[in-house]
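TrEMBL annotations:
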- 82-91: compositional bias 'Basic and acidic residues' (COMPBIAS)
- 200-352: domain 'Peptidase S49' (DOMAIN)
- K268: active site, proton donor/acceptor (ACT_SITE)
- 451-599: domain 'Peptidase S49' (DOMAIN)
- S467: active site, nucleophile (ACT_SITE)
Amino acid sequence: MSKILFFQTVHSTPRIHPRIVTSILSKPLIIPSVSKCYSPIFPFHSISLPALKHHFHSPSFSFPSSFPTRAFDDSSSSIETQNEKEEKVGEQSEIEEYPSGEMEYEKISGWKSFVVKLKMLIAFPWQRVRKGSVLTMKLRGQISDQLKSRFSSGLSLPQICENFVKAAYDPRISGVYLHIEPLNCGWGKVEEIRRHILNFKKSGKFIIAYTPACGEKEFYLACACEEIYAPPSAYFSLYGLTVQASFLGGVLEKIGIEPQVERIGKYKSAGDQLTRKSMSEENCEMLTSLLDNIYGNWLDVVSSSKGKKREDVEHFINEGVYEVEKLKEEGFITNIHYDDEVISMLKERLGVQKDKKLSMVDYKKYSKVRKWTLGLTGGKDLIAVIRATGSISRVRSPLSTPSSGIVAEQIIEKIRSVRESKRYKAVIIRIDSPGGDALASDLMWREIKLLAASKPVIASMGDVAASGGYYMAMAAQTIVAENLTLTGSIGVVTGKFNLGKLYEKIGFNKEVISRGRYAELLAAEQRPFRPDEAELFEKSAQNAYKQFRDKAAFSRSMPVEKMEEVAQGRVWAGKDAASRGLVDAIGGLSQAIAIAKHKIKIPQDRPTTYFHLSE
């Protein structure tokens, strides 16, 4: 059977360079695109949905190579009986209050300060930092949600956040100097970093941003800092946000390809890109809502940070400002300086002589400094953090790298080891996934549900936890998301290509000998579905959707009718998902940890050890 993979990326810049690469006959048809579009997808054997990239990340669309079986069937695997389920749904429980997890800075003093100084003296050479140093971090490009080893390149969100925490308490660090350049990550990660910048400021140390190239996302981070500097030639593109959708219906029609798509859920729009020539009303409604959430949040945060009215910030953006001088005049940046001028200014601030070099420690070196050295570890209570990032597959492909996506069999192994161990008091499942294989998602859901029956499990969602990503999260007792985490996408889309007209054009012929009424259902791409095949295909898609929706309702203790209202393949921003019962609390990993402490009834200020597991 023919397959299709469809990749999209959404940017805030107006430069679009679409590229189409096709390979027909026995190979999959692959159509990469660099357009501003957004479409969630949940294929039969593949659950997937985009994360936010500059606005949104890349979704994937793939048709199954075999017909689905019972990937969503929980008839023989329910942990609770039907009566218990009905009682649970019928309960009118009070809304639980969760701790915020907000950092409360306390300066290290007394005996503890002496111990920290002693640890610094005996630290390994690569973990030593000169007193009065400035921590410099260049935030640009991709930011992984996974921990990275000391030999890995690239930025890691956990290490960025940990560096802020360490720097706040490290007596050797005088302040932080951030270089912020174009970021290739979602708004969830940006929100998490911004929260740690604000927490760092509680230490009383300075934090300065330098922005040579700056869009909405970069400025959103920079305005959390005390001061913002930019060179005279800086690229500022604060023009607003856009979403675009591309449609291939007319293209495929011209080359003789007929997509036969079965979509369950009126907001499941991935099939529209193949069959339609324009945007549907439902897709437009969903995209508009998501864009309004992002843009509205940006205006609110920037106006609050810069002490301006929301309408004044919006008016400024609508003027199409590109001159750095204008940004300074209006108070959006502190001053116009080159990097060396900012460093000279820091020397003066720290009392360093002009002919001396400013002591600086970069992101990579400071990541090697252990929290133990600063007295930030300890405690008998152990909380496991299982990180699941990327597309979901059941087994690892021979060609895949160790960090390429979520492999169900490996995650399940980690979950079982945590469940069987008495060392861990609670578990955080950190999810940043657009989805993937439906069977793999269901198997992980089952294991997380079993884990939650033995100890508290909190799901913390990053840029995106939708379709398969949300499938995993909904097994946890409590779900925490950022304001703009892409959430939900409970729906189904599947289909196949009819390549008959294309084969006729190029002189290709294919004949099939089969046994069994439906043997050619997916094997015969040279013809359309027969009426009975189309009916079976539709019923199977309906069945897959019903099982996914019902399991979501069961997991969230919600009547099926109410879940149906928020399902239908719709993607919600985190704060909208919270108001509809798909999410319990708004926050990042720190709040998830605070909730875990609350669940196991230990004081928020008690030291706790976090043990990170990843795929």
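Quick reminder: no glycine exception, Cβ is built from N, Cα and C everywhere.
Automatic prediction, not curation, is the source of TrEMBL annotations.
Small disclaimer: the values here were computed from a predicted structure and weren't measured.
Across all of the domain 'Peptidase S49' (200-352), the predicted model scores a mean pLDDT of 94. Neighbour density for S467 (active site, nucleophile): within 10 A of its CB lie 33 other CB atoms from the protein chains shown. The separation of the residue listed as 'active site, nucleophile' from the residue listed as 'active site, proton donor/acceptor', Cα to Cα, is 11 Å. Sorting each residue of the domain 'Peptidase S49' (451-599) by its DSSP state yields 64 helix, 28 strand, 57 coil.
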